[in-house]
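Visitor: According to Swiss-Prot, the protein carries these features:
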| type | residues | note |
| --- | --- | --- |
| DOMAIN | 1-141 | domain 'Globin' |
| MOD_RES | Ser3 | phosphoserine |
| MOD_RES | Lys7 | N6-succinyllysine |
| MOD_RES | Thr8 | phosphothreonine |
| MOD_RES | Lys16 | N6-succinyllysine |
| MOD_RES | Tyr24 | phosphotyrosine |
| MOD_RES | Lys40 | N6-succinyllysine |
| MOD_RES | Ser49 | phosphoserine |
| BINDING | His58 | O2 binding site |
| BINDING | His87 | heme b binding site |
| MOD_RES | Ser102 | phosphoserine |
| MOD_RES | Thr108 | phosphothreonine |
| MOD_RES | Thr134 | phosphothreonine |
| MOD_RES | Thr137 | phosphothreonine |
| MOD_RES | Ser138 | phosphoserine |
Amino acid sequence: VLSSADKTNIKAAWDKVGGNAGEYGAEALERMFLSFPTTKTYFPHFDLSHGSAQVKGHGKKVGDALTNAVGHLDDLPGALSALSDLHAYKLRVDPVNFKLLSHCLLVTLANHLPSDFTPAVHASLDKFLASVSTVLTSKYR
């Protein structure tokens, strides 16, 4: 459960992300593909090379989804319902991959926002991404 302090930290951090959400999403995906090569199996039709248009496009989708989630911290299940359906029923993504991408997102954010990435902000963002992952995998059961 996100506390009011967590919500404040998440919104403040995401304000710093600003218009870079798609870029950071793509960077996190690329980091995930390099660090956890098995995740590439879900993207057999993608050009996974550095800076590819397909990775950038999917990164924008990730960034947009997270921006939407930040705007709906009090109703993540409602905000992410369609995305949860897509990943559970159509794409059938292994739930562990959400944890891997979350880790890569945290590394990416820490890299780009070092002075803002305090231990408290790190903890809040980690809880947020864990909550998003929980919602995205909730329909697997």
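A Cβ is built for glycine as well, from the same backbone N, Cα and C atoms used for every other residue.
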Visitor: If you count other CB atoms within 10 A of each CB, which of Lys7, Lys16, Lys40, His58, His87 wins among these recorded positions?
Guide: His87
Visitor: List every residue in the same chain as Thr108 (phosphothreonine), at least 6 positions away in sequence, whose Cβ is under 8 Å from its Cβ.
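Guide: Listed in sequence order: Tyr24, Glu27, Ala28, Arg31.
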Visitor: How many Å separate the Cα atoms of Lys16 (N6-succinyllysine) and Thr134 (phosphothreonine)?
Guide: 25
Visitor: With a 10 Å radius around each C-beta, find which of these modified residues (Ser3, Thr8) has the fewest other C-beta atoms nearby.
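Guide: Least crowded of the modified residues Ser3, Thr8, by Cβ count within 10 Å, is Ser3.
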Visitor: Which of these modified residues has the least crowded Cβ, counting other Cβ atoms within 10 Å: Ser102, Thr134, Thr137?
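Guide: Counting other Cβ atoms within 10 Å of each of the modified residues Ser102, Thr134, Thr137, the minimum falls on Thr134.
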Visitor: If you compare CA-to-CA distances from Thr137 (phosphothreonine) to each of the recorded positions Lys7, Lys40, Ser49, His58, Ser102, which comes out shortest?
Guide: Ser102
